[in-house]
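Note sheet for the following structure.
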Amino acid sequence: MHGNNSNPPDSGYGWVVVVSAFIVMGLTAAVLKTFGLFFVDIQKHFDELASTTSWITSVTIAIFHLGVLVASSLCVRYTHQAVVITGDLLAFSGMALGSLGLSMIWMYAMTGFLQGLLISFSWTPAISIVSHYFSKKRALANAITSAGECAFAFTFGPFFQWLISQYGWKGALLIIGGIQLNICVCGLLMRPLASSCLLESSHSEAETPPGSGVSRIDKEDKSPITQKTFNWMLVRQTEFVLYAIFGILAAMSFFIPPLFLVPLSYSLGIDESWTASLLSILAMVDFAGRLLCGWYANLHITKPVHLLTMTITLISTSLMLLPLANVYLSLAIFTGFYGFFFGTTVAVHITVLTDVVGMPDFDSALGLFMLIQSTGGFVGPPLAGLIVDMAGDYRAGFYMAVATLVVSAGFLVTLDQLQQRKEREIQTNTKPEKPTKPEKSTLAYPSIHLLKLQ
C-alpha cells in the first residue's frame, strides 16, 4: 500500500504509476495500432479476402472491450497488480501460439482473443489507477499515460516492418510476444492507494458544515469508501447511456484508419518503406495531440465534453480529406491531421467519463462503458472491410468512419444539453433564501424585543 491517505496525492509516487502505465499503453495499444503491417502478409498467406482477414483485428478489439468489464470487476475485487500480470502472461501465450499460423480460425482464437485479453487486463488497471492517484491533474496524467501508445507506435512501425522482413510475420509475432513480457514489471509498480475509490469535491453531501472544526478531507480519511461491489445500476443513468452510445459509434470508426492506411498506400503504388513511415507520422502527431490536449484540459478553460465534441468534429473533417490523397506527400499530410485530432480525442474522453459518473463509480463505469462500446469495435472493421470489398476501393472504409463519427457527435451534444439543464435545476433549487426583516431586526436589536414583551 502507498501510505494511509485515501486522497489523491496528485504528485509523488503517482508519477511512477504514470510512467508504468505509459509503458503498458505502448506494449498493448501500440501493438494493436501497428498490426496493419501484418495485414497484407497474413491475407496473402491464407489467401483470404480483406473482410475475412480484418476479423483478426475485430476479434482483438471486441475481446478487449468485453474483457474490460471482467478486468474492472477484478480490480474492484483484488488488485491492479494481479490483473496486469495475469493479462501479460495470457498475451505472451497468444502471440507464441499465433506465430504457428495454423489457420485463420487459429489466428482469431490465439492472436485475436488472447491479445484482446492482454489489452483489457493491462489497459484497464493502468487507466484506473492513474485516475485514482490524480484529481486536479487527472486530465494531464491521463493524457501522458495514453501518449505511451503513440510514443511506442512511432518506433514500432519501422521496427515491426524490419522484423517481418528479417523473420517473416510468424517470427515477428513471437518476438513481439517476448517484448510484451515487460508489462509484468510495470504491473508490479502499480501499488494501490489506501482507498481505491475516492469522493469528488462536487459531492456536497460529504462536506461538513463550516465552523464545525472537521474538514471534509479529515472526514474522508476517517471513513474510507473503498468500493467492493460492481455498480450495474449505471445503465439506468441517462447521461451514461448517451455517452455509451457515443462510444459505440466512435469505436466503429477509430480502428478503421490504422487498419486500412497501409493497404490504401499500397493501392496508390507507394513503396513499402515509405508506407511504414506513415504509421510513424501517425504516432508522432498522435503523441503531440494527446499531450497538448491534456495540458489544455488541465487549465480547466473549456468543459471536457465541449472539448471532446470539438475534437470529434475535427477528426471527422480530417478523415473526409484523407482518402483524397493520391501521392505520398498528400497522404502523409492528411494522415498527420487525422493522427493529431485522434490524439486530442483519446486524451480527453476518459476525463469526460469521470465527469459523467463521478470517481466513486469510475471503475464500474469504465467496465460497462467498454463492454457496450465493444459492439462498435466488433462490427466496425468487418463492416468497413465488406464495404471495401463491394466498392473495390479502400477509400470507402474511410468514408464509413466519417459517417459514424458525425452521428456520434450528435450524442455528445445531447449529453451536454442534459448536463446543462440539470446544473441549472440544481442551482435553482439550492439558491439561498434572504432572511426576513423581522428576524434580522430582532437579532440586531434585542432591546426592542424586550419592550414589545412589556
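Glycine too: its Cβ is placed from the backbone N, Cα and C atoms.
Nobody curates TrEMBL annotations by hand; they come from automatic prediction.
Features reported for this protein in TrEMBL:
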TRANSMEM  12-35  transmembrane segment
DOMAIN    14-420  domain 'Major facilitator superfamily (MFS) profile'
TRANSMEM  55-76  transmembrane segment
TRANSMEM  83-107  transmembrane segment
TRANSMEM  113-134  transmembrane segment
TRANSMEM  146-165  transmembrane segment
TRANSMEM  171-190  transmembrane segment
TRANSMEM  240-262  transmembrane segment
TRANSMEM  274-293  transmembrane segment
TRANSMEM  305-325  transmembrane segment
TRANSMEM  331-353  transmembrane segment
TRANSMEM  365-384  transmembrane segment
TRANSMEM  396-415  transmembrane segment
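Mean per-residue pLDDT, taken over the domain 'Major facilitator superfamily (MFS) profile' (14-420), amounts to 81.
A contact links the transmembrane segment (171-190) to the transmembrane segment (83-107), because at least 3 Cβ pairs that are 6 or more residues apart lie under 8 A. The transmembrane segment (305-325) and the transmembrane segment (55-76) are not in contact, since fewer than 3 Cβ pairs between them lie under 8 Å (pairs 6 or more apart in sequence).
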